[in-house]
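K.L.:
Before anything else, here's the structure in question.
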Amino acid sequence: MEVYTVTVATGTSEYSGTNNYIYVTLVGEEGESERTLLDNPGLDFCRGAVDQYKVTTHSHLGSLLLVRLQKQRYWLEDNWFCRYVTVEPPGGDKVLTFPCYRWLIGDVEVEIREGTGRKDSKHSESTPNGQWVTWAPGIPRCIDAKTEADLPQDARFDNEKRSDFEHSLHYASHGVHRKGRDFAFLYTFTHQVYSLTQHVYAFDSEYCMEHWKEDSFFGYQCMNGCNPRMIKRCKKLPDNFPVVADMVQSSMAPRTNLDKELKAGNIYLLDYVLLDGIPTNTIRGKPQYIAAPLCLLYQHPDNGLIPIAIQLEQTPGLDTPIFLPRDPPLAWLLAKMWVRHAEFQVFQLLSHLLRTHLVVEVFCVATLRQLPAVHPIYKLLAPHLRYTLEINCRGRTQLISPNGIFKRVVSTGGDGLLILSQREYKELTYCSLQPTNDFTDRGVSQLKNYFYREHSLMMWEAILSFVSGMVSLFYQSDQDVQEDLELQAWIRDISQEGFTELPNFGLSSTLSTREELSTLLSVSIFTSTAQHAATNNGQFDWCAWVPNTPCTMRHPPPTDKDAVTMEMIMATLPDVSQSCVQMAITWHLGRAQPDAIPLGKYTEEHFTEKRARELIDRFRAELKEIEGHIMSQNEGLELQYLYLLPSRVENSITI
């Protein structure tokens, strides 16, 4: 007789435990054990429990291949989350770990492999079901789930996360409206400062409230605000933006002019051409308005990056004046508001939703469909795909649906948001998702105080180094990559099924080298961590002060600089109700998540190999160095940039 010691760990979240029967069968190269009921005196499989059992066999099983778990109803159906199983063979041999980290639903049987990453399909458990669906044409395809309830249980929020999310959303949606009514929600300018009563919200964006009208603050947000990927170097003025040197001479430093600064690489451009002709929303029977601005910026040696000319439409003409800092103050202020309004649309729908949430969902679905949990690439990606499918399902039903929050308060709500996303998707390239290429293509290497660029590159290099080490551990050569059939099925799913209708995307449907694989995995992880943090985490800071980044505009852009009045500005900006919702939803989506797992912390230990664990430890050490550098860099700064602080970057898109 041989006795194996089996340890079973139950999940730590609410309702992870079960009172159902749990059976185990050990499967080895030389046979398998009898099915054994795991039953100790007292309660087994309680939340957070680590229970130990003895499994007796008639003979030695040889090298263990897998553990078969079976759950059977006792009285009522009671789901169970298993974290892992360990097995100590007779004679005190090395303890083997079998990572599970999944829900067992109903009367079910699962087979889990020992934690060493394996690329062969032999004895691999089947991958969870998942099908592609086209939610709307012209955007990345997504998981086939009408609501989050249709998702596999392993892709769902834990109960604590679900409760917090729904409570937060309810508070955001209803609490602010109630307080707004109770405190009369003052909506006035005082000395040209747009002020909201402090009773409504304790603003985290106090700095924004105080400085939002300043040109230098406007320029700072182009680099380090919630949409830091829009700005490009301007080598030649666009033909449809007829700025001449005399117009902007007063904004230049002494002894220089526009032509010199263009050649020196100090002139930059924001071009919102994607917004041109986008259909606008109608809110409570009243039409809303959108502009497609062009904004010229100058890297001033003393004043930093500042706007020097703004045109609010793509077609110049008598009714499309070019606004300048020397214009009447209210006219210049309103022109900047229109640029920031365009920024809200692009940031929320393109930089945030499309280029992080929807891009990463493609990797989520392909991974569920094509990679078994034993595969090393599944093990590597799994922590970075946590909760993304559910938050995206909720986004489609609650935010961008025909009756969602965007339809209620955003100028691109309704048809506009889809058309805008389709335009951006046509232009999306695989290269642009790699920060080194993105910054080079936009020509922004000379921009001073571009903290987003500096911190992004540090994070990218750390992620790429970590991923490359993992890839080299499991793939000894490029040929190993080419011969991994599961991996090749995965990349075909990504390129042919997920990113459809993109002839110029630039991602091959095969993987030929370890470098190609490392880059692709790094894009997925960087996008789901650092890039999402850069566009999501600061949105309350920049958008809660509504005139700084308005969600909608209720009157068309001005055509006469001298006609701009305070009354016109007030009538154009979002009304009280729209402002409340904007403040509430950016707080809800941008707040720190109570169950956040920071980048590099892996609470589910999928890898058991010593070398893999060493690579994880080295990655954490590198992130710690980046943390120290960023904290040191921000010491003494009046306005700190901490969105890419590794400890504040989540491991996955969860909000």
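Each residue, glycine too, has its Cβ placed from N, Cα and C.
All annotation found in TrEMBL is predicted automatically rather than curated by experts.
According to TrEMBL:
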{"type": "DOMAIN", "residues": "2-118", "note": "domain 'PLAT'"}
{"type": "BINDING", "residues": "G17, D78", "note": "Ca(2+) 1 binding site"}
{"type": "BINDING", "residues": "D39, N40", "note": "Ca(2+) 2 binding site"}
{"type": "DOMAIN", "residues": "83-655", "note": "domain 'Lipoxygenase'"}
{"type": "SITE", "residues": "W103", "note": "site 'Essential for stabilizing binding to COTL1'"}
{"type": "BINDING", "residues": "H352, H357, H532, I655", "note": "Fe cation binding site"}
K.L.:
Would you count the other CB atoms within 10 A of the CB of H532 (Fe cation binding site), including those on all shown protein chains?
P.N.:
25
K.L.:
Centre the Cβ atoms of H352, H357, H532, I655, go out 8 Å, and tell me which other residues of that chain have a Cβ in range of the Fe cation site.
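P.N.:
In sequence order, the nearby non-listed residues are L353, T356, I391, T535, N536, L589, I653.
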K.L.:
Please report how many Å separate the Cα atom of H532 (Fe cation binding site) from that of W103 (site 'Essential for stabilizing binding to COTL1'), as a whole number.
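P.N.:
If we compare the Cα positions of H532 (Fe cation binding site) and W103 (site 'Essential for stabilizing binding to COTL1'), the gap is 28 Å.
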K.L.:
Using only C-alpha positions, which one of D39, W103, H357, I655 is spatially nearest D78 (Ca(2+) 1 binding site)? These are the recorded positions in the record.
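P.N.:
Nearest listed residue in space: W103.
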K.L.:
What is the number of other Cβ atoms found within 10 Å of the Cβ of G17 (Ca(2+) 1 binding site)?
P.N.:
21
K.L.:
Taking every residue in the domain 'PLAT' (2-118), what is their average pLDDT?
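P.N.:
The answer is 93, the mean pLDDT of the model over that range.
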K.L.:
Quick one: Cα separation, H357 (Fe cation binding site) versus D39 (Ca(2+) 2 binding site), in Å?
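P.N.:
So the Cα of D39 (Ca(2+) 2 binding site) lies 43 Å away from that of H357 (Fe cation binding site).
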K.L.:
Looking at the binding-site residues N40, H352, I655, which has the shortest Cα distance to G17 (Ca(2+) 1 binding site)?
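P.N.:
Nearest candidate: N40.
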K.L.:
Given the recorded positions D39, N40, W103, which one's Cα is the least distant from that of H352 (Fe cation binding site)?
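P.N.:
That would be W103, nearest by Cα distance.
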